[in-house]
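Since the structure comes first, as C-alpha cells, the remarks are kept for the end.
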Amino acid sequence: MDPFSQLSQLQQNLQAMTKTVAGLENDMLEVLKENTELKVENQLLREKISKLDANKEPAENKSQAGLKSLRNIYDSGYHICNMYYGSHRESGEDCMFCLDILDNFVNHGQKNRG
C-alpha cells in the first residue's frame with residue numbers, strides 16, 4: 001500500500017473515531033442530564049416522605065389518646081360498646097363487647113406500626 005493510500009485510510013479512520021467520540025460525548029451528556037433530574041426527583045420524593053411521616057405521627061398519637069380515653073371511661077365503670085354505651089357497669093363486671101372494642105383498638109394500632 002502506498003503512503004498516500006495509507007494516509008487516506010488513516011484520515012477516514014480518524015473521521016470515524018471523531019464521530020464515535022462525538023456520539024459518546026452526546027450520550028454522556030444525556031446520562032448526566034438524566035442523573036441530575038433523578039437526583040432532584042429523589043430529593044423531592046424524600047421530602048414528601050418526610051412530610052407524610054410527620055403527618056402520620058400525630059395520627060398515631062391521637063390513636064393512643066383515643067385508646068387511653070376509652071380505657072379510662074371503661075375503667076370508671078361505664079360501657080363503651082354500641083349496645084350499652086354510657087350505661088353504668090356493675091362493680092367487677094366485664095363486658096365482652098367493650099373488651100372486644102378495646103382489644104381491636106390495641107391490635108389495630110400495632111398492625112399500623114409493624
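Cβ coordinates are placed from backbone N, Cα and C, and glycine is handled just like the others.
Listed in sequence order, Cys95, Phe97, Cys98, Asp100, Ile101 are the same-chain residues at least 6 apart in sequence whose CB falls under 8 Å from the CB of Cys81 (Zn(2+) binding site). Annotation comment: Swiss-Prot describes His79, Cys81, Cys95, Cys98 as Zn(2+) binding site, evidence class sequence analysis.
With all protein chains in the displayed structure included, the most crowded Cβ environment within 10 Å among the binding-site residues Cys95, Cys98 is that of Cys98.
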